[in-house]
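K.L.:
Below is the structure I would like to discuss, written out as structure tokens.
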Amino acid sequence: METRRQFIKNGLILCLGSGGVLASQTVHAFPETGPARWGMIIDMTRCTGCQSCMVACKLQNRTVPGEFNTRIDEHEVGDGAHARIAFSASLCVHCSDAPCVEACGTGAAFIHPSGLVLTDWNRCDGNGACIDACPYGARFHDSRFGGRVDKCDLCIDRLDQGLAPACVENCSPGARIFGRFDRPEGEFARYLDIINPKRPATGRNTAVLFHGMAKEEQAS
């Protein structure tokens, strides 16, 4: 299996670097008993809309111009004197029953033992059925690489090095909390036990959870 980054590094087009994203935060590597079950919680009550996560992701992954693996959007909620600006995050949430995997006819989209939904670029033919199947609009074609499909993979290449995803590492207000479902620790464990983060509106079992989304956003 080759991730997008591995595919590029292997010289099929051009080796792209990490773009200078800072990488100081570490995460526990895969345990000897099997792969970790990675997860991320996004606390929208902490999000300031600074988009540092988007910038870090773009520098790390060099996605096609105009497309982002993770997005922060601004919208207005409430009416009149109660109106306010809220932010929403959109990205692949890594469904345990991922519709994109079922729709993929080549086996390029698959669920890794860690629970992450990945794409094998050696198998991807750019058909786009996975794009149509994704309920979150998280997938897109990369025209620079034969129309292969790209999306967030939670920086699995960084995880293999014991590093947190670029968006987590560079989230200034600390709105992105990364950890392991199989061995929750610290703030990640606190969110799971006390704050009770929510699944996306579709109700699917996902590796990315949310806390503090506006009611209008949860219902969308």
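Note that Cβ sites are derived from N, Cα and C of the backbone, with glycine treated the same way.
Please treat TrEMBL annotations as automatic predictions, because they have not gone through curation.
For reference, TrEMBL lists these features for the protein:
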DOMAIN    38-67  domain '4Fe-4S ferredoxin-type'
DOMAIN    83-114  domain '4Fe-4S ferredoxin-type'
DOMAIN    115-144  domain '4Fe-4S ferredoxin-type'
SIGNAL    1-29  signal peptide
K.L.:
According to DSSP, how is the domain '4Fe-4S ferredoxin-type' (83-114) divided among helix, strand and coil residues?
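P.N.:
Counting residues per DSSP class in the domain '4Fe-4S ferredoxin-type' (83-114), I get 5 helix, 12 strand, 15 coil.
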K.L.:
Per DSSP, what is the helix/strand/coil residue tally across the domain '4Fe-4S ferredoxin-type' (38-67)?
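P.N.:
Residue counts in helix, strand and coil order: 10 helix, 6 strand, 14 coil.
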K.L.:
With helix taken as DSSP H, G or I, strand as E or B and everything else coil, how many residues of the domain '4Fe-4S ferredoxin-type' (115-144) land in each class?
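P.N.:
Each residue of the domain '4Fe-4S ferredoxin-type' (115-144) counted once, the result is 7 helix, 6 strand, 17 coil.
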K.L.:
Could you pull the average pLDDT for the domain '4Fe-4S ferredoxin-type' (83-114)?
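P.N.:
Mean pLDDT for the domain '4Fe-4S ferredoxin-type' (83-114): 96.
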